[in-house]
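S.K.: I grabbed these lines from Swiss-Prot:
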type	residues	note
BINDING	Gln90, Gly108, Glu109, Gly110, Lys111, Thr112, Asp509	ATP binding site
Amino acid sequence: MLKLLLGDPNARKLKRYQPIVTDINILEEDIALLSDDQLRSKTADFRQQFENVVSFAKQRALLDELLPEAFAVVREAAKRVLGMRHFDVQLIGGMVLHEGQIGEMKTGEGKTLVATLPSYLNALTGRGVHVVTVNDYLARRDAEWMGQVHRFLGLSVGLIQQDMSPAERRRNYACDITYATNSELGFDYLRDNMATDLSEVVQREFQYCVIDEVDSILIDEARTPLIISGQVERPQEKYQQAADVAAALERAAEQGKDGIDPEGDYEVDEKQRSCTLTDEGFAKAEQNLRVRDLFDPADPWAHYITNALKAKELFVRDVNYIVRDGEAVIVDEFTGRVMPGRRWSDGQHQAIEAKEQLAIQPETQTLASITYQNFFLLYPRLAGMTGTAKTEEVEFEKTYKLETSVIPTNQPRARADWVDQVYKTESAKWRAVANETAEIHKQGRPVLVGTTSVEKSELLSSLLSEQEIPHNLLNAKPENVEREAEIVAQAGRAGAVTIATNMAGRGTDIILGGNSDYMARLKLREVLLPRLVRPEEGHRPPVPLQRAAETGGGFAAKAAASNGSHGHVLSEARAIGSLYPCSLTDDTDQFLAELARELVKVWGDRALSVIELEDRISTAAEKAPTDDAQIAALRESIARVKTEYDVVVTQEEVRVREAGGLHVIGTERHESRRVDNQLRGRAGRQGDLGSTRFFLSLEDNLLRIFGGERVASLMNAFRVEEDMPIESGMLTRSLEGAQKKVETYYYDIRKQVFEYDEVMNNQRRAVYAERRRVLEGRGLKKQVIGYGERTMDDIVEAYVNPDLPPEEWDLGQLVSKVQQFVYLLEDLKPEQLQGLSMEELKSFLQEQLRNAYDIKEGQIEQQRPGLMREAERFFILQQIDTLWREHLQAMDALRESVGLRGYGQKDPLIEYKNEGYDMFLEMMANMRRNVIYSMFMFQPAASGQEQA
């Protein structure tokens, strides 16, 4: 009703952009008249305007002002370089992204092209722009493909890949626009904040970020934090000795009261899940271990004994854990399921292994961690695009403060979504899928089948092989992943059948009739690879499924036979056949052979790596100007091959359209409606014809867990045959309800992860900011003296009670504590402090500390000028890193323990916040004290070598 009265809010929002679109369209004519050089010089003109604008707010205002002209420039560059012109709706998409929102754009509407607009505009500030994708392949593809537009306009384009060295990373992050995956960005951020020298830092300050497939990164991946951990070298035999000591100690029958120890060696508090040694227990343990002090820092035992006691009393075999195959496996207390691979932290798991006489595995310790939620919130402006965001609108708004706008499609949608078919058993469902695939394949239409697991995709593959239907398999198996792009590029050809597991198939569009541009590049690769690439790489070049030219289009049936019963890897024999739509003319074959000979002369005989060859072919496939004669020759040959292929591909495209376009089959409902919509969105791109259908069975997970019995009893009542499908509105509605339930459940988990990490995040930012200041070496001396002054204040506050008269203050104790930290003040006498007020005491001691520090600096600088600054930096970083690591563990332990406080009517999150804050203040105070102590104790070796 409200919608009728007020109109669609999304439409109202988009209306705002219309006048700007008109401005860009008016500018288009003038900009089209510019030469390439004049168009390129626009970038320098824009950049000049930012020279004296420093503040973020002013830069943003200037960007908004430049937007119409900058967008018009990018549109013209894309026309010249890629032969693609941004539609009006894509300009609106660009504006939505520039404003830091999420744009929902349907599959095939050119999301990747849209991203060029805001990334060019925001790169003009010189602060750098990050474009984030879900995997390395897509990052590389986009950097090569869309990067052409930016390079043509004079911007530098960087790419981050998994195996890059720090120097390469730094160079790529320094570019105007950098393409990377979410995990590479996150891990680089964590590594930068563990660097011990500024030269190791690879990233710049964050400015603007566009995330492709934003739902996948900010929602699906949000539950798992990024963690860098290191193995901790701890003596294994200590665990065993501690377990033996714990076994010999006796538990107290009751807990001590009013500070008086009970009878026995240790007491157990089951509520707090803790064990504490009594004085008697300490003596016994020290005697058994033949040590003088369990807390001796040189040989600490207390931690091991406490863990051994907890393993003995609080961790019960077959309740908290089971022993299986020589390992202690945790049992989840909520579900009762075992959790292989999971381990208790902080040495507790090792204590249990010692108790059970199992092999003790090394401890790991978290060195740094962050969630994607908090990582991406570090960007002052964040934007994202996806085909499906509306179902998660609330979460984007609440967690990330991101609005969602639905961008209209350029052409009206012509896809038909057929009704779901539900079968009684899974085997009946798979037979039905194979039959429908065969039926549609015979009509000459391409079919894409989405499966949920590798196992299921191979089951369907064998069913299709029985019917002799040639098909392509695309799942997480390594041999198939390599060919992902090639397979998807061919999935739109007449009669093509592609089985894809849901991990796959993002990023490459399915073009009806096939992608002639891609086939031409593949042909070139096939011709050049044996001549130019080093054979010892052991890299079997992926070559897509072949077709026989004489069939004039449809896949050759012989392909099925060699696919084997499970459609695994293509046989080597067929791998160099002809996947291509037609054979090339003799002239072109001759031309390619000649090209290969020429390239061998210049680039060497089999001297390149596969990646280098691919990069050169990709560069040749661009339209950007080049002075390189070899790249120009490659470009000419790609164009020549493409022209020949186009003749067949265009005819095939017409045939496929007439037959009804791509048909997409879903074989199971996913936990999230969003993933189902992504699969459907593969058909009917850009107004193409197409159809989709989901096949389900009562044995599918979602139906089984949420209300399958009710439906099963209905089917039994109606005596439905196994092979008879049900099409029912009630069923579809209850499925959607089930999906909503699952989505809400996962949202709550993510929300909780976020709320707890939010507490850590504020602490993380403070620690990392302090660390960065030290790395950059800004005012180190002032910082250390500041630490010292605060330490003096802490000592005064600890030893002086303002409520007592000054003559009762224990100044002797206070002075000896100060001398512990600053041995240079050994002449300080308690008498010098008499008669001073508390504030005067603080000022006097701070003054003494500053003088002592100057003396220390004089001594150290005599050894080698600059050594004092190096020492300051070393000690601060060492202390921050050590204490932060310990703090991370303590916060983990706190998080586990606060959960129980819900029983005491306390909010665990508030308890976590308050205690976490106190622990953080304590950590920072320890860091200051340790640094001051280390600086005064620092004695460089005579050679001038630093001894840490």
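Don't overthink the numbers, they just go from 1 along the chain as shown.
Glycine is treated like the rest: Cβ placed from N, Cα and C.
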S.K.: If H, G and I count as helix, E and B as strand, and all else as coil, what does DSSP give for Glu109 (ATP binding site)?
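M.R.: For Glu109 (ATP binding site) - judged by DSSP and reduced to three states - the answer is coil.
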S.K.: In DSSP terms, helix, strand or coil for Gln90 (ATP binding site)?
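M.R.: SS state of Gln90 (ATP binding site) = helix.
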S.K.: Between the binding-site residues Glu109, Asp509, where is the Cβ count within 10 Å the lowest?
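M.R.: Result for the binding-site residues Glu109, Asp509: minimum number of other Cβ atoms within 10 Å at Asp509.
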S.K.: Out of Gly110, Thr112, give me whichever of these binding-site residues has the highest number of other Cβ atoms within 10 Å.
M.R.: Gly110
S.K.: Looking at the binding-site residues Gln90, Lys111, which sits with the largest number of other Cβ atoms within 10 Å of its Cβ?
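M.R.: Output for this query is Gln90.
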